[in-house]
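Note sheet for the following structure.
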Amino acid sequence: MGLAAPRKKTKISHDPNNTSWSRSTDGFGHRILKAQGWTPGDFLGARNATHSDLFTTASASHIRVVLKDDTLGLGARPKRDLLDGPTGLDAFKGLLGRLNGKSDTQLEAEQQKRDDAKLARYAATKWQTVRFISGGLLVQEKDNATASPASQDLRVDFPRETSSNEHENGMFKTEPMDSYSHQEGCATAREEEGKKKKKKNKKGKEMDMSPRKSREKKQEKIQKKRKIGDCDRLDTETADRTSTKVLVAVANDKGTSLLASNGPSTSRERQPMGRRIFRSRHIEQKKRALMDDKSLNEIFMIKT
């Protein structure tokens, strides 16, 4: 009921079962029923009816009103504790069994059955629809056989970083053969993609493939597109690395004469990448100028 609903206050009367009306003999209902041949304690309806066999003593009793204070549906029984039974009933049954001449083994077997039934009822109330099933043991699976060749082709081996001695000498080692083979694979993938596009543009091609074949073909196309995208990304990364390596080599060649006087550096500095290399080059030149006595004298205009 919302806030805009009509507010109705209901009160439970002092006679909710309406026994005062049923007991009174002065009312119109009691008088008309007596006029029709009804007497107190009899059933309502014809005595020779087809459902007369279903009448019980409850049919002659009063209709009782039950207050519904829950959200259960009509006819639903409220949840009650199955273990909430009469206490001491098991011991009383055992006593009756001894009086009937049963042995102790029979009594123990019956008691065990009752205990098992009690545990089963408790489990049914505690875990209603849960069934514990053994799932076995976990076994490690071998992924080497299931690895697809497409995932193996996409493996990229980046070239290792050059050491400080190689930077000083201005020598750079070539990339390993894995990257070269990967570039060849990228080129072949591009050629295959170009051939497929040419075949697709041809007229008169029949498109009567089954849904499964078309699905497999779409998956192959997606894998090849991913492979070509990885190849393009690898090419751009290698081009950026080569450009930065050339700039580092030029900067190192300019400062080899100054570094030779101070001796070889023991600590390895991190080489900047990208647009920061130009700023780092100017910072290195300023550091070298401050380390050199002659350049300091020129800065402070001191004549020697």
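Cβ coordinates come from backbone N, Cα and C, glycine included.
Among the features that Swiss-Prot reports, compositional bias 'Basic residues' is placed at 1-11.
Positions annotated as compositional bias 'Polar residues' by Swiss-Prot: 15-25 (among others).
Residues annotated as compositional bias 'Basic and acidic residues' in Swiss-Prot: 154-170 (among others).
If you look up Swiss-Prot, you'll see 204-238 (among others) marked as compositional bias 'Basic and acidic residues'.
Residues or ranges marked as compositional bias 'Polar residues' by Swiss-Prot: 256-266 (among others).
Per-class residue totals from DSSP over the domain 'G-patch' (25-79), listed helix then strand then coil: 15 helix, 0 strand, 40 coil. For 25-79, the entry in Swiss-Prot reads domain 'G-patch'.
Per Swiss-Prot, the feature region 'Disordered' maps to 1-25 (among others).
For 144-238 (among others), the entry in Swiss-Prot reads region 'Disordered'.
What Swiss-Prot lists as region 'Disordered' is 256-276 (among others).
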*Run through the compositional bias 'Basic residues' (1-11) and tell me, per DSSP, how many residues are helix, strand and coil.*
0 helix, 0 strand, 11 coil
